[in-house]
């Protein structure tokens, strides 16, 4: 691996609380609530309006995506991303801190962290411990929506951090990249159904290894230490010195694999944006591995 100075992927609740108290939020530091929940469970925007980190804006991942795609959570265009984050007061010089309110401590925040990086923005961090620990530690919250002054952001897509269906299909033959699936073991094997899915069976891409994203987090919702993360990759025989693609159901929890590898000093993990949802609908049947049979495992 080429040694390079990496921007800090995590900031602590203490650091952010001091920044909020010190009045540092503004054009140089923006905070985003990137919460998203399955329909019918929790209402992310409503919760944001009731309670969020002072100065934080709501990042609506349903707005900042390719709405024309038949797949679930595909990246927007460069212009689409630029316009959206610019409206949140973010420029190319802004340090962006992302969090979400998931009970795990982190769920969607790493996806937004990766989105900024894939669009050429390096100064982005995830709030370690998430909103769950921000609340638990008694840091300030507000119901006041933020109204940042719009800024100009110029996105430049970094294709090295993104993989397409065609590239993953080609990789089945060339095996140039290792492939890691971040979903639960049951969904990976095909013994558990895909949640909230119509016409989508569970299973995985042939040759993919399984590293459930929840395992990268402690029970308290913090990211595990780089030493622990390295040991996890080693246990799965994933070589961090070699190219790696992360996949999941729709390109969200795959970003946890990219974040974990980044914390181990590997910043070049690519995410297969279409992930299993696209693969299931497009790939030849022999490239799909699943124990699912006739609606049940």
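Here the Cβ of each residue, glycine as well, is placed from N, Cα and C on the backbone.
Curation plays no part in TrEMBL annotations; they are all automatic predictions.
Feature annotations, courtesy of TrEMBL:
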- 25-143: domain 'Rhodanese' (DOMAIN)
- 173-288: domain 'Rhodanese' (DOMAIN)
Using DSSP three-state counts, the residues of the domain 'Rhodanese' (25-143) come to 34 helix, 19 strand, 66 coil
I'm checking region-level scores; what's the whole-number mean pLDDT for the domain 'Rhodanese' (173-288)?
97
DSSP tally for the domain 'Rhodanese' (173-288), helix/strand/coil in that order, comes to 42 helix, 18 strand, 56 coil
